Amino acid sequence: MGTTLFFFIFQIIIFTSTISHGLTQDFCVADTSLPESPSGYLCKNIENVTADDFSFSFEPTNIIDPFKFGVKFGFAPQFHGVNGQGIGLARIDIAVGGTVPLHTHPRASELVLIISGTVVMGFITSDSNMLYQTTLNANDVMIVPRGLQHFQINTGKVPVTFYAILNNQNPGFQVTSSSMFGNDLSTDMVKSVTAVSTSEIKRLKKLLGGSG
């Protein structure tokens, strides 16, 4: 019995490792009227699908303080046609002197395509904190490995626009400084896990909308 059970489990492993984990139909336009599941949104009724579900407009974004950048996401919740396709997009605009602060997309790798302007961009490895940094201009691209912390800084004299293509329909977007200081974690606790002074923590909490 033990040998038979082992053989059966082994065959299941072999089978499941060779099948595709993608869609079993042409597409699955997101039905955002229903909750999102861990595997994405349920499919919109095919009778209600139109060409508009497969197109999306990336108009200029609204620049926000304090970092002077704006972003428009084209992930499954916004761009319903990418649901189930394993891809997400975003448009980012950076004002002169602005930056996209250190952040991560925990569920995706990212390919950046510069449309206009000059950007210093880099990412930091998780094992040795090695920095890989370069200067990008229009038509340049850079890849950021999955989940690594990275940033973009406008070092030129004109606004920057670039597009990010990510290999997940909902890759997540977590800004490091906002995660640490833009919450209700007490100042004493933040100090104990960062070694940052109390006065600086309070300043950053005020700047980033945190409390405590």
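The count begins at 1 with the first shown residue.
Cβ from N, Cα, C; glycine included.
What TrEMBL annotates here:
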SIGNAL    1-24  signal peptide
DISULFID  CYS28-CYS43  disulfide bond
DOMAIN    56-202  domain 'Cupin type-1'
BINDING   HIS103, HIS105, GLU110, HIS150  Mn(2+) binding site
BINDING   HIS105, GLU110  oxalate binding site
Say we define neighbours as other CB atoms within 10 Å of the CB. Which of the binding-site residues HIS103, HIS105, HIS150 has the fewest? HIS103
Mean pLDDT, the domain 'Cupin type-1' (56-202)? 93
Secondary structure content, the domain 'Cupin type-1' (56-202) (per DSSP, counts of residues): 22 helix, 58 strand, 67 coil
Candidate with the highest Cβ count within 10 Å, taken from the disulfide-bonded residues CYS28, CYS43: CYS28
For GLU110 (Mn(2+) binding site) and CYS43 (disulfide bond), what Cα-Cα distance in Å is obtained after rounding to a whole number? 26
Closest of the binding-site residues to CYS43 (disulfide bond), Cα to Cα, picking from HIS103, HIS105, HIS150? HIS105
Given the Mn(2+) site HIS103, HIS105, GLU110, HIS150, its other Cβ neighbours within 8 Å of the Cβ centroid, in chain order, are THR104, ALA108, PHE123, VAL144, LEU148, GLN149, ALA164, PHE173
By CA distance, which of the binding-site residues (HIS103, HIS105, HIS150) lies nearest to CYS28 (disulfide bond)? HIS105
Per DSSP (three-state), CYS43 (disulfide bond) is strand
